[in-house]
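A.B. asks: One structure coming up, written as structure tokens, with questions to follow.
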Amino acid sequence: MRRKIMYNPRKYSSQVVDGFERAPSRAMLYPVGFTKEDFNKPQVGIASTWSMVTPCNMHINKLADETLKGVNATGGKAIIFNTITISDGISMGSEGMKYSLVSREVIADSIETVVGCQGFDGVVAIGGCDKNMPGCIIGLVRLNRPSIFVYGGTIQPGKNHTDVVSVFEAVGQFANHTIDAIELENIEKIAIPGPGSCGGMYTANTMASAIEALGMSLPNSSAQDAISDDKNNDCVQAGQAVLNLLNKDIKPRDIMTMKAFENAITVIIALGGSTNAVLHLIAMASAAEVNLKIDDFTRIGQKVPVIADLKPSGKYMMSELVKIGGTLPLMKMLLDAGLLHGDCLTVTGKTLAENLENVKPYADSQEIIRALDNPIKKDSHLRILRGNLATDGAVAKITGKEGLSFKGNAKCFSREEDALEAILNNQIITGDVIVIRYEGPVGGPGMREMLAPTSAVMGKGLGDKVALITDGRFSGGTHGFVVGHITPEAFEGGVLAVVKDGDEILIDAQNNVLELLVEQAIIDKRLYNWTQPKPNYTKGVLAKFAKLAKSASEGAVTD
């Protein structure tokens, strides 16, 4: 009879602290709070993204402390360490935004580095701002040690139901003389009342919801207020749950399967989530060695409706969804309709179906989540477009409010700042297709988000009159007729590089087409005469990212 091999929950820490030869390691750990008994416990690293850089993360040190309590009370030894965060909202529209996507890779690399070096047996990662979520998950799945992600939680609405996007759009209103300087200053002072991630179904809330649907967070972790007893309890429970994962040897790659990624895509479509989910889920799948492709979003999107009336395209904020029950009743609706894989394993140690078994439906009186047979849009708002402008794909977010097609004449800009200046100075008119190029992963480098120009378009009252296309990306707060992630990007010789002012462009979201309506012979001649610009950076982290980054359709990954 074969003897059953028991999993050692101290698989990694034992190599660091066990035996007489590891006395120097133990000596270093006594001053940071270890007792002799602690060396016999599984060590759990708590990766905190705390920072005073942004309100999204300013409270996460307290959440890390709560997580530590949960680990230590359940027989583990928790060690808190930090990784970085940047603020998309603060750097948006500036040269600094080029570092945003880079931060995803730095977060992943730093978590992998610390945990790999220190020999932690398990990990709990806590994130707030947009790139924290995919960065943490990429780091966790590379390590493939028992792990959980905790979302820092959503911010409360500002006064008069405002948020950060309200401020961006107010800039356009000010330029349009719709509001004055005093009104603009008032909006900037009231829009962001305290800690938590940006309040609509923007990138942070989108990715938190995706990670929960993926199975890497505890139930409803994605739908809790940043400052709340629920969020504190979520952290304590995550600390407890990671010990259960250690004892059962359940690791991220056991959870993050192709079917789990399909669940994540389904949920973010139903919620009306950010285009950034396409980029980040592909990157997360790549780290997990799951063969998720950009066209999988089209396949899944054909059968999943948009049912959440959430900002930016809708009316409500995440904190209002929290009040009616969060994301769990929505997931139960999708499961009961056969749109989710209920047999996927999650960090509870149970399947998704088991987690949702006793979830009650939303109250009939609520207006945020619609019934599946009465959707906002009958299929996905995330459209993967192809055509001569995007032979390898582009991503649009079309809810239907903008219409389903747009044909107009190009106005071309090689920097985001130039496009924004043109919008604010009334150089964009009805029927224009604003083309912002050389903003891709390599060309930017860093694939900046175009929230400043798209918000200016909205503030100017042009939201339903113009379109914007780019090889950069969009904030989750962007709405309007916009297409991003155009691949191949301009810097790599994509057709986007040779679009000229006045060229006619067709965006057809119904048939998933993005086409430059110029004869192929003319396009070929332009490409023959095109010369690649000099790189914007030749040293430093941006230059490094430009050398390593793959295309947007491949998640802009660097490994």
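Just so it is clear, glycine is given a Cβ too, placed from its N, Cα and C backbone atoms.
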A.B. asks: Of the candidates D88, D163, D418, which does Swiss-Prot annotate as part of the Mg(2+) site that also includes D130, K131, E449?
C.D. replies: D88
A.B. asks: Record says C56, C198 bind [2Fe-2S] cluster. Source is Swiss-Prot. Which of C117, C129, C136 does it list for that same site?
C.D. replies: C129
A.B. asks: How many whole Å apart are the CA atoms of S475 (active site, proton acceptor) and D88 (Mg(2+) binding site)?
C.D. replies: 8
A.B. asks: Where the distance is taken from Cα to Cα, which of the binding-site residues C56, C129, C198 turns out closest to D88 (Mg(2+) binding site)?
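C.D. replies: Among C56, C129, C198, C129.
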A.B. asks: Can you give me the residues near the recorded [2Fe-2S] cluster site, meaning same chain, not C56, C129, C198 themselves, Cβ no more than 8 Å from the center of the site's Cβ atoms?
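C.D. replies: What remains near the Cβ centre is T54, P55, N57, S87, D88, G89, G128, D130, I155, G196, S197, A204.
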A.B. asks: For C56 ([2Fe-2S] cluster binding site) and E449 (Mg(2+) binding site), what Cα-Cα distance in Å is obtained after rounding to a whole number?
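C.D. replies: Between the alpha carbons of C56 ([2Fe-2S] cluster binding site) and E449 (Mg(2+) binding site) there are 18 Å.
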A.B. asks: So for K131 (Mg(2+) binding site), how many other CB atoms are inside 10 Å of its CB?
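C.D. replies: Neighbour count, Cβ to Cβ under the 10 Å cut-off: 28.
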A.B. asks: Counting only residues 6+ away in sequence within the same chain, which have a CB under 8 Å from the CB of D130 (Mg(2+) binding site)?
C.D. replies: D88, S100, S197, Y202, T203, A204, M207, N276, G476
A.B. asks: In which DSSP state, out of helix, strand and coil, do we find C198 ([2Fe-2S] cluster binding site)?
C.D. replies: coil
